[in-house]
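Right, one structure below, let's go through it.
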Amino acid sequence: MTEQMLDYFIVGAGLGGVAFAEVALQHQKSIFVFAGDKPPSSVAAAGVYNAVILKRFTLVSQAQEQINLLKVFYPEIEKRIQKNIIFDLPTYRRLASVEEQNNFIVASDRPLFQLFLSPKIISDKFKAVISPFGFGLMKQTGYVDTKLLLQSYRNYLQQNGCISAETFNYAELIIHPDFVEYKGQKAKQIIFAEGFQMKHNPFFKDLPLEGAKGELLVIRSENLDVNVLLKAGVFVLPIGNDLYKVGATYNWTDKTNKPTQSAKDELISELKELISCDFEVVEHLAGIRPTVKDRKPLVGRHPFHKNIYLLNGLGTRGVMLAPYLSYKLFDFIESDLPLDSSISIERYYNSITSSNK
(Lines of atoms letter the chains of each structure in order from A and count residues from 1; the text may use other names and numbers.)
(Lines give C-alpha, C1' and ligand atoms only; values in the text may rest on other atoms or scores of the structure.)
Protein backbone atom coordinates (compact mmCIF):
# COMPACT_ATOMS: atom_id res chain seq x y z
CA MET A 1 0.00 0.00 0.00
CA THR A 2 0.99 3.63 -0.40
CA GLU A 3 0.88 6.60 1.95
CA GLN A 4 -1.52 8.55 -0.24
CA MET A 5 -5.25 8.59 0.40
CA LEU A 6 -6.85 5.85 -1.69
CA ASP A 7 -10.35 6.00 -3.09
CA TYR A 8 -11.42 2.50 -2.04
CA PHE A 9 -10.53 -0.38 0.21
CA ILE A 10 -12.28 -3.53 -1.07
CA VAL A 11 -12.59 -6.49 1.29
CA GLY A 12 -13.17 -9.70 -0.65
CA ALA A 13 -11.91 -10.97 -4.01
CA GLY A 14 -14.81 -13.08 -5.21
CA LEU A 15 -17.08 -12.04 -8.06
CA GLY A 16 -18.47 -9.05 -6.16
CA GLY A 17 -15.11 -7.70 -5.02
CA VAL A 18 -13.46 -8.19 -8.40
CA ALA A 19 -16.39 -6.62 -10.26
CA PHE A 20 -16.35 -3.54 -8.04
CA ALA A 21 -12.57 -3.30 -8.39
CA GLU A 22 -12.97 -3.35 -12.18
CA VAL A 23 -15.66 -0.65 -12.12
CA ALA A 24 -13.48 1.52 -9.88
CA LEU A 25 -10.44 1.08 -12.13
CA GLN A 26 -12.52 1.91 -15.21
CA HIS A 27 -13.23 5.24 -13.52
CA GLN A 28 -9.55 5.85 -12.67
CA LYS A 29 -10.07 5.28 -8.96
CA SER A 30 -7.28 4.02 -6.69
CA ILE A 31 -8.01 0.77 -4.86
CA PHE A 32 -6.56 -1.79 -2.50
CA VAL A 33 -8.09 -5.26 -2.19
CA PHE A 34 -7.93 -7.53 0.85
CA ALA A 35 -8.43 -10.99 -0.63
CA GLY A 36 -8.26 -13.07 2.55
CA ASP A 37 -6.95 -16.61 2.77
CA LYS A 38 -10.22 -18.48 2.13
CA PRO A 39 -11.24 -19.26 -1.46
CA PRO A 40 -14.46 -17.47 -2.50
CA SER A 41 -17.50 -19.54 -3.41
CA SER A 42 -17.16 -18.15 -6.95
CA VAL A 43 -14.18 -20.47 -7.52
CA ALA A 44 -16.54 -23.44 -7.18
CA ALA A 45 -19.30 -21.84 -9.27
CA ALA A 46 -20.31 -22.95 -12.75
CA GLY A 47 -20.52 -19.31 -13.85
CA VAL A 48 -23.63 -19.90 -15.97
CA TYR A 49 -25.80 -16.98 -17.00
CA ASN A 50 -29.38 -17.08 -18.26
CA ALA A 51 -32.37 -14.82 -17.85
CA VAL A 52 -35.16 -17.32 -17.18
CA ILE A 53 -36.05 -19.05 -13.91
CA LEU A 54 -37.31 -22.27 -15.44
CA LYS A 55 -39.14 -23.73 -12.45
CA ARG A 56 -41.66 -20.91 -12.50
CA PHE A 57 -41.11 -19.57 -16.05
CA THR A 58 -40.31 -16.12 -14.73
CA LEU A 59 -37.69 -13.63 -15.85
CA VAL A 60 -34.85 -12.47 -13.66
CA SER A 61 -35.43 -8.87 -12.61
CA GLN A 62 -33.72 -6.47 -15.07
CA ALA A 63 -32.74 -9.53 -17.11
CA GLN A 64 -31.99 -7.86 -20.45
CA GLU A 65 -30.11 -4.99 -18.82
CA GLN A 66 -27.91 -7.45 -16.93
CA ILE A 67 -27.28 -9.61 -20.01
CA ASN A 68 -26.39 -6.57 -22.11
CA LEU A 69 -24.01 -5.34 -19.43
CA LEU A 70 -22.17 -8.61 -18.88
CA LYS A 71 -21.55 -8.94 -22.63
CA VAL A 72 -19.59 -5.69 -22.46
CA PHE A 73 -18.16 -5.96 -18.95
CA TYR A 74 -16.40 -9.33 -19.13
CA PRO A 75 -14.75 -8.65 -22.51
CA GLU A 76 -13.30 -5.50 -20.93
CA ILE A 77 -11.84 -7.67 -18.18
CA GLU A 78 -10.51 -10.04 -20.84
CA LYS A 79 -8.51 -7.16 -22.30
CA ARG A 80 -7.11 -6.33 -18.88
CA ILE A 81 -6.07 -9.87 -17.90
CA GLN A 82 -5.34 -11.17 -21.43
CA LYS A 83 -7.47 -14.29 -20.94
CA ASN A 84 -10.69 -15.59 -22.50
CA ILE A 85 -13.24 -15.92 -19.72
CA ILE A 86 -16.74 -15.45 -21.22
CA PHE A 87 -18.33 -17.91 -23.64
CA ASP A 88 -21.71 -17.72 -25.38
CA LEU A 89 -23.39 -21.11 -25.31
CA PRO A 90 -27.03 -22.03 -26.06
CA THR A 91 -28.89 -23.92 -23.37
CA TYR A 92 -30.96 -27.00 -24.18
CA ARG A 93 -33.63 -27.58 -21.55
CA ARG A 94 -34.52 -31.26 -21.60
CA LEU A 95 -38.29 -31.72 -21.70
CA ALA A 96 -39.69 -34.65 -19.74
CA SER A 97 -43.22 -34.92 -21.18
CA VAL A 98 -45.67 -33.60 -23.75
CA GLU A 99 -47.01 -31.32 -21.02
CA GLU A 100 -43.53 -29.81 -20.53
CA GLN A 101 -43.27 -29.32 -24.29
CA ASN A 102 -46.54 -27.41 -24.30
CA ASN A 103 -45.58 -25.32 -21.26
CA PHE A 104 -42.30 -24.36 -22.88
CA ILE A 105 -43.98 -23.37 -26.16
CA VAL A 106 -46.62 -21.31 -24.35
CA ALA A 107 -43.96 -19.53 -22.29
CA SER A 108 -41.83 -18.82 -25.36
CA ASP A 109 -44.78 -17.09 -27.02
CA ARG A 110 -45.16 -14.55 -24.22
CA PRO A 111 -43.74 -11.17 -25.31
CA LEU A 112 -41.24 -10.87 -22.46
CA PHE A 113 -39.80 -14.31 -23.18
CA GLN A 114 -39.38 -14.15 -26.94
CA LEU A 115 -35.81 -12.87 -26.63
CA PHE A 116 -34.85 -15.74 -24.33
CA LEU A 117 -36.84 -18.82 -25.38
CA SER A 118 -37.35 -20.39 -28.81
CA PRO A 119 -40.86 -21.72 -29.65
CA LYS A 120 -39.46 -24.65 -31.62
CA ILE A 121 -38.89 -27.95 -29.83
CA ILE A 122 -35.47 -29.32 -30.74
CA SER A 123 -35.44 -32.99 -31.56
CA ASP A 124 -31.71 -33.25 -32.32
CA LYS A 125 -30.47 -36.39 -30.70
CA PHE A 126 -27.22 -36.41 -28.82
CA LYS A 127 -26.38 -40.10 -28.92
CA ALA A 128 -25.51 -40.24 -25.23
CA VAL A 129 -28.30 -37.99 -23.92
CA ILE A 130 -31.63 -39.49 -22.84
CA SER A 131 -34.23 -37.11 -24.30
CA PRO A 132 -37.36 -38.78 -25.74
CA PHE A 133 -39.32 -35.50 -25.64
CA GLY A 134 -36.58 -33.28 -27.03
CA PHE A 135 -35.31 -29.95 -25.78
CA GLY A 136 -36.43 -26.37 -25.39
CA LEU A 137 -33.88 -23.85 -26.63
CA MET A 138 -32.88 -21.03 -24.30
CA LYS A 139 -31.18 -18.03 -25.90
CA GLN A 140 -28.73 -15.39 -24.65
CA THR A 141 -27.06 -17.90 -22.34
CA GLY A 142 -23.47 -18.88 -21.67
CA TYR A 143 -20.89 -19.02 -18.92
CA VAL A 144 -17.94 -17.23 -17.39
CA ASP A 145 -14.87 -19.19 -16.31
CA THR A 146 -15.01 -17.85 -12.76
CA LYS A 147 -11.93 -19.69 -11.52
CA LEU A 148 -9.75 -18.34 -14.33
CA LEU A 149 -11.28 -14.87 -13.93
CA LEU A 150 -10.56 -14.65 -10.20
CA GLN A 151 -7.07 -16.12 -10.42
CA SER A 152 -6.06 -13.91 -13.34
CA TYR A 153 -7.56 -10.76 -11.87
CA ARG A 154 -5.80 -11.40 -8.59
CA ASN A 155 -2.53 -11.78 -10.50
CA TYR A 156 -3.20 -8.49 -12.28
CA LEU A 157 -3.80 -6.69 -8.99
CA GLN A 158 -0.69 -8.33 -7.53
CA GLN A 159 1.43 -7.05 -10.40
CA ASN A 160 0.12 -3.56 -9.70
CA GLY A 161 0.70 -3.76 -5.96
CA CYS A 162 -2.91 -3.30 -4.93
CA ILE A 163 -3.93 -6.59 -3.32
CA SER A 164 -3.05 -8.50 -0.17
CA ALA A 165 -3.83 -12.10 0.75
CA GLU A 166 -4.17 -11.18 4.42
CA THR A 167 -7.43 -11.70 6.23
CA PHE A 168 -8.96 -8.33 7.07
CA ASN A 169 -8.96 -7.59 10.81
CA TYR A 170 -12.08 -5.56 11.57
CA ALA A 171 -10.67 -4.47 14.94
CA GLU A 172 -7.90 -2.54 13.19
CA LEU A 173 -10.24 -0.45 11.05
CA ILE A 174 -10.37 3.15 12.28
CA ILE A 175 -13.42 5.11 11.16
CA HIS A 176 -12.95 8.85 10.69
CA PRO A 177 -15.72 11.27 9.63
CA ASP A 178 -14.55 11.46 6.00
CA PHE A 179 -12.31 8.42 5.53
CA VAL A 180 -11.30 5.08 7.01
CA GLU A 181 -7.85 3.95 8.10
CA TYR A 182 -6.34 0.48 8.26
CA LYS A 183 -2.82 -0.15 9.53
CA GLY A 184 -1.76 3.38 8.65
CA GLN A 185 -3.27 3.41 5.15
CA LYS A 186 -6.24 5.68 4.46
CA ALA A 187 -9.12 5.36 1.99
CA LYS A 188 -12.18 7.49 1.34
CA GLN A 189 -14.51 4.47 1.33
CA ILE A 190 -14.46 0.78 2.19
CA ILE A 191 -16.52 -1.85 0.35
CA PHE A 192 -17.21 -5.17 2.06
CA ALA A 193 -17.80 -7.84 -0.60
CA GLU A 194 -17.04 -10.94 1.43
CA GLY A 195 -19.76 -13.37 0.44
CA PHE A 196 -20.71 -15.72 3.25
CA GLN A 197 -17.83 -14.41 5.39
CA MET A 198 -20.09 -11.42 6.04
CA LYS A 199 -21.49 -13.46 8.93
CA HIS A 200 -18.32 -12.51 10.84
CA ASN A 201 -18.42 -8.82 9.90
CA PRO A 202 -19.34 -6.69 12.95
CA PHE A 203 -20.82 -3.96 10.74
CA PHE A 204 -23.25 -6.14 8.79
CA LYS A 205 -23.49 -9.54 10.50
CA ASP A 206 -27.09 -8.98 11.60
CA LEU A 207 -28.38 -8.79 8.04
CA PRO A 208 -30.24 -11.96 6.92
CA LEU A 209 -27.55 -13.67 4.86
CA GLU A 210 -28.29 -17.40 5.00
CA GLY A 211 -25.89 -19.11 2.66
CA ALA A 212 -26.66 -22.18 0.55
CA LYS A 213 -23.92 -24.72 0.05
CA GLY A 214 -23.48 -25.81 -3.54
CA GLU A 215 -21.44 -28.69 -4.87
CA LEU A 216 -20.55 -29.62 -8.43
CA LEU A 217 -18.48 -32.22 -10.22
CA VAL A 218 -16.09 -32.04 -13.12
CA ILE A 219 -16.34 -35.20 -15.22
CA ARG A 220 -14.47 -36.55 -18.22
CA SER A 221 -16.36 -38.40 -20.94
CA GLU A 222 -15.02 -39.13 -24.41
CA ASN A 223 -18.41 -40.29 -25.68
CA LEU A 224 -20.75 -37.58 -24.38
CA ASP A 225 -19.95 -35.23 -27.27
CA VAL A 226 -22.22 -32.33 -26.25
CA ASN A 227 -21.50 -28.76 -27.36
CA VAL A 228 -24.38 -26.97 -25.61
CA LEU A 229 -25.33 -26.42 -21.99
CA LEU A 230 -27.75 -29.16 -20.98
CA LYS A 231 -30.33 -28.44 -18.29
CA ALA A 232 -32.38 -31.14 -16.61
CA GLY A 233 -32.28 -32.34 -13.00
CA VAL A 234 -28.66 -31.22 -13.19
CA PHE A 235 -26.87 -29.02 -15.68
CA VAL A 236 -24.04 -30.32 -17.85
CA LEU A 237 -21.64 -27.64 -19.04
CA PRO A 238 -18.95 -28.50 -21.64
CA ILE A 239 -15.65 -26.80 -20.80
CA GLY A 240 -13.40 -28.43 -23.42
CA ASN A 241 -11.09 -31.45 -23.71
CA ASP A 242 -13.95 -33.89 -22.99
CA LEU A 243 -14.50 -32.21 -19.61
CA TYR A 244 -17.91 -31.14 -18.26
CA LYS A 245 -19.13 -29.41 -15.13
CA VAL A 246 -22.13 -31.10 -13.54
CA GLY A 247 -24.22 -29.41 -10.85
CA ALA A 248 -25.42 -28.28 -8.62
CA THR A 249 -26.72 -29.20 -5.18
CA TYR A 250 -28.35 -27.02 -2.51
CA ASN A 251 -27.77 -27.50 1.21
CA TRP A 252 -29.09 -24.93 3.68
CA THR A 253 -27.62 -26.46 6.86
CA ASP A 254 -24.01 -27.43 6.06
CA LYS A 255 -21.90 -24.24 6.11
CA THR A 256 -18.53 -25.82 5.30
CA ASN A 257 -16.60 -25.68 2.03
CA LYS A 258 -15.86 -29.40 2.16
CA PRO A 259 -17.19 -31.63 -0.64
CA THR A 260 -19.49 -34.39 0.62
CA GLN A 261 -20.09 -37.94 -0.53
CA SER A 262 -23.87 -37.47 -0.30
CA ALA A 263 -23.80 -34.55 -2.75
CA LYS A 264 -21.52 -36.49 -5.08
CA ASP A 265 -23.91 -39.45 -5.02
CA GLU A 266 -26.87 -37.14 -5.69
CA LEU A 267 -25.20 -35.52 -8.70
CA ILE A 268 -24.08 -38.85 -10.16
CA SER A 269 -27.59 -40.28 -9.75
CA GLU A 270 -29.15 -37.28 -11.53
CA LEU A 271 -26.50 -37.41 -14.25
CA LYS A 272 -27.17 -41.08 -14.97
CA GLU A 273 -30.81 -40.18 -15.62
CA LEU A 274 -29.66 -37.70 -18.26
CA ILE A 275 -26.79 -39.43 -20.07
CA SER A 276 -26.16 -43.03 -21.05
CA CYS A 277 -22.39 -43.06 -21.63
CA ASP A 278 -19.50 -43.78 -19.30
CA PHE A 279 -17.79 -40.97 -17.42
CA GLU A 280 -15.28 -40.46 -14.66
CA VAL A 281 -15.29 -37.85 -11.92
CA VAL A 282 -12.05 -35.86 -12.00
CA GLU A 283 -12.89 -33.06 -9.55
CA HIS A 284 -15.43 -32.31 -6.82
CA LEU A 285 -15.96 -28.69 -5.73
CA ALA A 286 -17.98 -27.02 -2.99
CA GLY A 287 -18.72 -23.46 -1.87
CA ILE A 288 -21.25 -21.42 0.11
CA ARG A 289 -23.45 -19.22 -2.05
CA PRO A 290 -24.24 -15.86 -0.37
CA THR A 291 -28.02 -16.15 -0.46
CA VAL A 292 -30.61 -13.97 1.29
CA LYS A 293 -34.02 -14.88 2.71
CA ASP A 294 -35.91 -12.70 0.23
CA ARG A 295 -33.62 -13.81 -2.65
CA LYS A 296 -32.53 -10.22 -3.27
CA PRO A 297 -29.04 -8.72 -2.97
CA LEU A 298 -27.64 -6.73 -0.05
CA VAL A 299 -26.21 -3.45 -1.31
CA GLY A 300 -25.73 -0.05 0.25
CA ARG A 301 -24.32 2.19 2.95
CA HIS A 302 -24.02 1.38 6.64
CA PRO A 303 -26.74 3.25 8.57
CA PHE A 304 -24.28 4.95 10.94
CA HIS A 305 -20.96 5.07 9.05
CA LYS A 306 -21.23 6.96 5.77
CA ASN A 307 -17.96 5.60 4.32
CA ILE A 308 -18.69 1.89 4.91
CA TYR A 309 -20.56 -0.01 2.17
CA LEU A 310 -21.81 -3.52 1.47
CA LEU A 311 -21.96 -5.54 -1.76
CA ASN A 312 -23.32 -9.00 -1.07
CA GLY A 313 -26.14 -11.48 -1.55
CA LEU A 314 -25.34 -12.33 -5.17
CA GLY A 315 -26.72 -15.84 -4.64
CA THR A 316 -26.87 -18.20 -7.62
CA ARG A 317 -26.59 -15.51 -10.30
CA GLY A 318 -23.33 -13.89 -9.36
CA VAL A 319 -22.03 -13.70 -12.93
CA MET A 320 -25.03 -11.57 -13.93
CA LEU A 321 -25.41 -9.58 -10.74
CA ALA A 322 -21.78 -8.70 -9.96
CA PRO A 323 -21.29 -6.15 -12.79
CA TYR A 324 -24.83 -4.79 -12.49
CA LEU A 325 -24.69 -4.25 -8.73
CA SER A 326 -21.14 -2.89 -8.84
CA TYR A 327 -22.15 -0.12 -11.22
CA LYS A 328 -25.26 0.61 -9.15
CA LEU A 329 -23.21 0.87 -5.95
CA PHE A 330 -20.49 2.94 -7.61
CA ASP A 331 -23.06 5.40 -8.98
CA PHE A 332 -24.69 5.55 -5.56
CA ILE A 333 -21.39 6.45 -3.90
CA GLU A 334 -19.92 8.74 -6.55
CA SER A 335 -23.03 10.37 -8.03
CA ASP A 336 -25.59 9.94 -5.25
CA LEU A 337 -27.92 8.01 -7.56
CA PRO A 338 -30.38 6.17 -5.30
CA LEU A 339 -30.37 2.40 -5.09
CA ASP A 340 -33.53 0.53 -5.97
CA SER A 341 -35.35 -0.43 -2.79
CA SER A 342 -35.34 -4.10 -3.82
CA ILE A 343 -31.54 -4.33 -3.54
CA SER A 344 -30.80 -1.70 -0.88
CA ILE A 345 -30.04 -2.82 2.66
CA GLU A 346 -32.25 0.03 3.80
CA ARG A 347 -35.20 -2.35 3.38
CA TYR A 348 -33.96 -4.17 6.49
CA TYR A 349 -32.84 -1.19 8.52
CA ASN A 350 -36.13 0.59 7.80
CA SER A 351 -38.14 -2.44 8.92
CA ILE A 352 -36.14 -2.60 12.16
CA THR A 353 -36.77 1.10 12.77
CA SER A 354 -40.49 0.67 12.08
CA SER A 355 -40.80 -2.32 14.41
CA ASN A 356 -39.13 -0.38 17.23
CA LYS A 357 -41.56 2.54 17.03
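Placed from the backbone N, Cα and C atoms, the Cβ positions cover glycine too.
Residues or ranges marked as FAD binding site by Swiss-Prot: A13, G14, S42, G47, R289, G315, G318. According to its DSSP assignment, G315 (FAD binding site) is coil.
The annotation D-proline binding site is assigned in Swiss-Prot to R289 on the grounds of similarity to another entry. Taking a C-beta cut-off of under 8 Å and a sequence gap of six or more, R289 (FAD binding site) has these contacts in its own chain: S41, A45, F196, G211, A212, K213, G214, L314, G315, T316, G318.
Taken from Swiss-Prot, the feature D-serine binding site covers R289. The secondary structure of R289 (FAD binding site), as reduced to three states from DSSP, is extended strand.
The 10 Å shell around the Cβ of A13 (FAD binding site) contains 26 further Cβ atoms across the protein chains shown. The binding-site residues examined here are G47, G315; by Cβ neighbour count within 10 Å, the least packed of them is G315. For G318 (FAD binding site), the Cβ neighbour count at a 10 Å cut-off comes to 27, with all displayed protein chains included.
G14 (FAD binding site) counts 29 other C-beta atoms within 10 Å of its own C-beta, drawing on all protein chains shown.
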